[in-house]
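Annotated features in Swiss-Prot:
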TRANSMEM  12-32  transmembrane segment
TRANSMEM  44-64  transmembrane segment
TRANSMEM  86-106  transmembrane segment
TRANSMEM  113-133  transmembrane segment
TRANSMEM  173-193  transmembrane segment
TRANSMEM  203-223  transmembrane segment
TRANSMEM  246-266  transmembrane segment
Amino acid sequence: MFTSPGPVLFQFGPLTLRWYGLLIAMAVLIGLNLSSRLAQSRKLENGLISDLLPLLVLFSVIGARLYYVAFEWHNYANQPIKALAIWEGGIAIHGALIAGTLTLILFCRWRSQPFLDVLDVLAPSVALGQAIGRWGNFFNSEAFGVPTDLAWKLFIPYANRPVIYADAEFFHPTFLYESIWNLLLFVLLLVLFRWGSRERQNFPAGTLSCVYLIGYSLGRIWIEGLRIDPLCVGALPPACEGGVRIAQLMSAMLMVLGGLGLWWLKRRQQQLPVSTNR
């Protein structure tokens, strides 16, 4: 059984350190170190990742928040200023992926860097960062699943339970499911990166990113079906009956995009003369 100690790590006067913030900082630092090492193995520009990461994190967080607020506008319409209170929770990974990708495209054009190579270098760190960041949901007692009595159940305080589940105490720890899934995906991506670095002729740039899209989306579609707080169109959470879960729809689209990307990369690679293969 899991029980959250609360969202605040410590508080000293006006200074408050939250677990979520600490986890995000950890994910960024680990991602910086890992991506920098992978960038060296791909012979990318020195200092590229350290220059890119602050911009990528900033705009990804902004995109994640805007995406969430857009689909939850009914909760912010009367108090738009609350949309800025990101420390209260409410970000969406798909918004971060969209904003982060746009930022990366512009950055690579500015620095004349190979977009697909940089994207592949970042993919393992993104998966690992998600595995770490999901534990923020645990400390905030949010993004949990339907009630359950399994041995690994998660206790949710009364104040954090939806009204229709007010009498339930234990729920699926969907944060844990997604954290484990992303950790396994990270290991897979790292293995593929090492293998692809030796077999560039059979592993064109962009392959790793497509594998990430497919792998993450498969897990998210399953896990999202368990959650009781989905972003929803056509119905209201927690049931979302008769509506569409936005994360499942986006994940399905990204999975198709990843599959088409692999097909296109393979086809393009086959059309290249052998002497120009990388």
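From the backbone N, Cα and C atoms, a Cβ is placed for every residue, glycine too.
Keep in mind the model is a prediction, meaning the values are calculated, not measured.
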Candidates 12-32, 44-64, 86-106, 173-193; stretch with most C-beta pairs under 8 Å toward the transmembrane segment (113-133)
173-193
Folded-back contacts onto the transmembrane segment (203-223), same chain, C-beta under 8 angstroms, at least six residues removed
93, 114, 116-117, 119-120, 123-124, 126-127, 130, 145, 174, 177-178, 181-182, 185, 188-189, 192-193, 195-196, 247-248, 251-252, 254-255, 257-259, 261-262, 265-266, 268-269, 278
Quick test of the contact rule: Cβ under 8 Å, at least six residues beyond the ends. What residues does that give for the transmembrane segment (86-106)?
18, 20-21, 52, 55-56, 59-69, 71-72, 115, 118-119, 122, 130, 140, 142, 220, 231, 246-247, 250-251, 254
Under 8 Å Cβ-Cβ from the transmembrane segment (246-266), and at least six residues away from its ends along the same chain, one finds 71, 92, 94, 97, 204-207, 209-214, 216-218, 220-221, 224-225, 230-233
